[in-house]
Amino acid sequence: MTVTPRLAHFVLQTNQLPAMTQWYIDVLGAHVVYENPAMCFLTTDEEHHRVALFGPPGGGLPERTPATVGLAHTAFTFPTLGDLIDKYLQLRDKGIEPRVPVQHGVTTSLYYRDPDGNMVELQIDNFATPEESTDYMHGEEYTTDTIGPSFNPLALAEAYKAGVPESELTTRAWALKTEQINVMERMLTP
């Protein structure tokens, strides 16, 4: 059975966070769901965010290269953790490995680079409703670390198949039990 994911959000890196935030508010009629000095999440509907803007502390991003100003990634949401794991295993069997797996807390995410180097995120929402996701984003765990730790996707697949509860596997606490990589370094390099 083929599962078709749905588009979740896109992320843009910018040196002009306030101006970009206002532009998306004006152009899309979006509203701010969460923001801090380095990022802003906006939405136009019931989703916790459709547009994310990231302006690294201190700014100074050079003009567009694969790791600077412009589209950072597109994201697609799968209905269940099992569906995401199945897709991971299908891609792995074809030699397509995630560039970086991240337990954001609000989502469990696998980031891939396409042949041109564009980042594509395959994810599941870790909460049943957008309101729960938004509440989490305003909580201490998320505001302390908005990105989250990496995780080992094969270990996730094995734990899922072994019957470890999904409610445990979709937490940062579980992700931190696996080997860690530098998430931001992996996201910002080709």
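Numbering starts at 1 and runs along the chain as it is shown here.
Just so it is clear, glycine is given a Cβ too, placed from its N, Cα and C backbone atoms.
Within the domain 'VOC' (6-125), the DSSP-based counts of helix, strand and coil residues read 25 helix, 49 strand, 46 coil. The domain 'VOC' feature in Swiss-Prot is assigned to 6-125.
Listed in sequence order, the residues of the same chain lying 6 or more apart from HIS9 (Fe cation binding site) and placing their CB within less than 8 Å of its CB are GLU47, HIS49, ARG50, VAL51, ALA52, ALA75. Residues annotated as Fe cation binding site in Swiss-Prot: HIS9, HIS73, GLU121.
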